Structures are given as C-alpha cells and as structure tokens.
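Colleague: A single structure is presented below for examination.
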Amino acid sequence: MTSPDAPTSPVDPTTTSAWAELEAHDLALDGSLREWFAEDPERAARFTHDAADLHVDLSKNLLTPETMRLLLQLAREVGVEERRDAMFAGAHLNTTEDRAVLHTALRRPAGSSPALTVDGQNIDEDVRGTLHRVYEFAQKVRSGQWTGITGKRIETVVNIGIGGSDLGPVMVYEALKPHAQDGLTARFLSNIDPTDAYETTRGLDPETTLVIVASKTFTTLETLTNARLVRSWLLDGLRESAGLTVEQEKEAVAKHFVAVSTALDKVEEFGIDPENAFGFWNWVGGRYSVDSAIGTVLATVLGPDVFEELLAGFHAMDQHFATAPAEQNVPLLMGLTNIWNVNFLDAETHAVLPYSQYLHRFPAYLQQLTMESNGKAVRWDGSLATTETGEVFWGEPGTNGQHAFYQLIHQGTRVIPADFIAFATPDHALADGEQDVHELFLANFFAQTKALAFGKTAEEVRAEGTEGALVAAREFSGDRPTTSIMAPKLTPSVLGQLIALYEHITFVQGTVWGINSFDQWGVELGKQLAKDLAGAVGGDEAKIAAEDSSTEGLIRYYRQHREG
Ligand code: F6P
C-alpha cells in the first residue's frame, strides 16, 4: 500500500448547502422529545445502533430523522469518509508536523494482509515486533524471572509519565483492575508537584519496585524530573537496605528501570539500557498511544492476554468506523450529534457520566483526547476556524455526580449534552438483602436520561399537590439531550471499543471543523515560560523586577511565604 496524500485544504463547513439547510432546519424545528416519542413509536429503534459490543441509543438527543439526514449530508460535503480512509491508509493528516496518523495500525491483528506499509515502513512488522518484546518482558516480570537487584520478585510497577503517557495507562488500569495479577500492583506518577513523587513512592520497597519511564519525546520536564527523583529514592533505598555500592548503581538502574519512548537515544542518555526500552513511532500521538508500548505497565500488571483483548476491542471499533454504512456508523453519528449540539444548539460543554466505578478516570482521559485534539481555532491549512470548535468535556461516575452537579444539567440555563455509559453485568454482583445492588444502580442510570428527556410539567407537579412558587422550582423542562451507551460487561475488549469510539468521534468533529486533531501547539507557550521563569522564582532580583506587575507580585508572595 502506498502513502496517500493528505487533503490539501479543509472544506469550510459553513459554505456547504447542508450547513445552510441545518440552520434553516434549526429555526424551524418544532416539538419536544415528549412529542417526538409519542408521534413516532419507532424513534428509539431508529436512533439506536450497535457497534461491535456497544449498544448506542441516540434517540434522547434533540434531533429528528431530518436533522440526522442533513448532518450526514454535511459529513459527505466536508469529506469525512474520504479523510477517514486517508487516515487508515497513512496519509500525513498531521500537517503541522508532517506526520501520518496511524494509531489504528497499533491494533491491527497479527498477520493482517496485505501488510500496511507507509513511508517505506512495514508498520505491521514493527508494531508486532515491539509488542512481542513488551510481552516477553511482561511475562518475565509476571513469572518472577525478572527480579530486582537483590533477587526479590517485583511487586509494584511505577509508571512515570504525564498526559498521554499517563492518562491512558492509569484509566485502563483502574478500569481493568480485577484482571491484575495477584501480588502485582501499579502506581502512577505524573505531576511535578513533589507531593506526587513522595506519595507514589511512600511505603514502597525499592527492592521490589520496577519503574517504567514513559515519554514519547523523553524531553518532558515533569517526567524526567520525576524519573530522576525516583532513581535517587531507589538508589538511596537500596544503599540502606541492601548495602548497594557505587559500582552496582548501573546494574540497579538496569534491573529497576525500563523506558518507553520514540526517542531511544535520549533514553540511553538518561542511563537506561536501550535493551530495556520499548519504542513507538512519531505517527502515534501521545493521547492516542495507550495501545502502543505506552501500555507496557498494563501488559505487565494485567497481562499480555488482557492487553491483546484490549487491542482486539480497539480493532473491532476501527473496523466498524471504517466499514459501517454512514447511517449506522456510530462514531460518525455521535460525532455529528456533537456538531449539532455545539454548532446549532450552542452547547459549550459535554458531560461523560460512566455508571461504572471502574471507569472513574474515563472522563479525565477523554479530556485530553478531545480537548487537546479539537481545542483549536486554526484549521489544518492555517486559516481560522469558521465555527465554534472543541467542547469542554467533563464528568464523574454516576451516581456520585447525581448528588453533586446534576442539578445544573436538569434545571440550569445551559444545554449540557451528556453521554451515559453502563454495563449489564457488574464485576461484583452484591445484594442488599433481596435487592440486587447493580439493579438499583442501573435504575438510576435509566431514570436520569428519562428525567432529562421528558422532564416534569407544571401540571404534573400540581397533580402531586404542590402549589404556588414551589411549582416552578419543582418543574423540569425536559429536552436535555443525552446519549446512552450500554455493553454487556466492562471487559478489556469493550474498554478498547469505548476508547476507539471516542477517538473516532473526535476525528469526525475535527474533520467537520477543519481541524488537525493530532498536534498540540497550545501547550508549548506555558512550557517555555515555565523554563524562562525559573531564574525569577529562584530569586534573581533583576528577573523578578522585569516581570509584569502581576507575575512579579505573585513571585514575591511566594518568596516571602516559602518555608524551609
Ligand atoms: O504537553 C502536552 C504533551 O505533549 C501531550 O501531548 C503528551 O501526551 C504529554 O505532553 C507527554 O508527552 P511525552 O509523552 O512526550 O512525555
């Protein structure tokens, strides 16, 4: 397969005939979810689709079949399917870095034919080769063949990374915790706040700790600082507990530190043996990398079989996105629904509410995936975006959120589209007397989307005996858009499907907006300024005085109040 060219310039969505029709349709749109459900007994079936093991019901969104028809026309006019095909084939869609975008290649099954060759690289061979090395390493740790320098079995794997080198691994680890091998746990260190390094290493035995330094670039300040802190902690600990000598330090680092990076030369400079490093490639974005060697911590603690199942789930959703007809293509339909909500209903945020405690880090993971990808005002040809772009993603697991912020979703003045996620079978079925607790949990899941969609009218409130001003306070407008996503169980495969679903939704939205969803220049300025400010923070008077008055005042406050 050859490398196709990236499309040269984005189609301005606002110039399409679909956009004009959607605007007119928006103004003319009449009715409510109550009415639409009453008029059309097929509405739920019409808007519900399966993608691999996911069952997705879009019917409680504020749209009609005509809305969806126009949104699909919009997708055709801006070329979503063509760009999707170009991405899968290895086109350089990441224009600002002139890179292919091939996270989908990370989960192609072994032996896929024909092999994927892009820019002269046999991608399948490289991906499978690296996975093989990761799995070999993981098995050695799991079996006890790989030990620390004192011969003790590894009990804790500390993953040091930030952003995509942390959020994906920690989210998947938390989601699939029941699969962790007995006697083996993972911890995650990301923040440069020294408290994080202190708390992450607290109580650990250096002799049984293995550290994975995960950084795509191997230049990230937080990760390298934390890696040095943990290296000192480890060597100090080994000196104390095992009498480690200076001569043994190199061996100790080799036994207790491995790395994951695209920059293997920098790994070596840091002092980690390249033999103990796992690579990936610049065509994998950080936030799209949990299924690359960045998942080494997962393959080690959860096991290669679990990791393979996760990859198979990703691939199942890739296949669906690549081949399902547009009218049933779930990532496409969900991405277009988001476009409708953001660009026509003026939604600014998007809640993701997993009814699964194991998915408690999923919203945080999605924040990087969606907001680092589509939080941009410039299109891939350098021109300004012509519409609002990237919504703010946020969320917490239900039912905790119900007792915190759902008030605003139910009765506030803003439109907050929300994705509700739940599983038929729990990981731990518990009963409260006769009551199956998971059923109680799911009753909440079903109740929330019902309340948001259909609300409660003033008449219904009065019929319950409420009168006066309290009627308005107890009324629910309804017509608050939600999407329900269900699956049989939170298996590794289902988790892979969910992650890939959101990757592709992000892609669809980015394509409609004309955005390169694969770069992140917006994080650079802050990084640069943090480096520049180091002198002033450290007390260089001339540098402090040269700052703007606000920054100067804040630094002076810090210097006056810092103890120790
Ligand atoms: O600062 C943003 C970012 O570049 C993310 O895109 C990335 O996931 C994270 O930093 C960590 O980068 P690295 O894996 O290179 O350390």
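Yeah, the Cβs are placed from backbone N, Cα and C, and that goes for glycine too.
Below, the features straight out of TrEMBL:
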ACT_SITE  E372  active site, proton donor
ACT_SITE  H403  active site
ACT_SITE  K527  active site
Colleague: From the Cα of H403 (active site) across to the Cα of K527 (active site), what is the distance in angstrom?
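Modeller: Pair distance, Cα basis, whole Å: 37 Å.
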Colleague: According to DSSP, folded down to helix, strand and coil, what is the residue listed as 'active site, proton donor'?
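Modeller: Once the DSSP labels are grouped into three classes, the residue listed as 'active site, proton donor' ends up as helix.
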Colleague: Would you identify the secondary structure of K527 (active site) according to DSSP, in three states?
Modeller: helix
Colleague: By the count of other Cβ atoms within 10 Å, pick out the sparsest of the active-site residues E372, K527.
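Modeller: Comparing Cβ neighbours within 10 Å for the active-site residues E372, K527, K527 has the fewest.
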Colleague: Give the distance between the Cα atoms of the residue listed as 'active site, proton donor' and H403 (active site), rounded to the nearest whole Å.
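Modeller: Spelling it out, the Cα of the residue listed as 'active site, proton donor' and the Cα of H403 (active site) are 29 Å apart.
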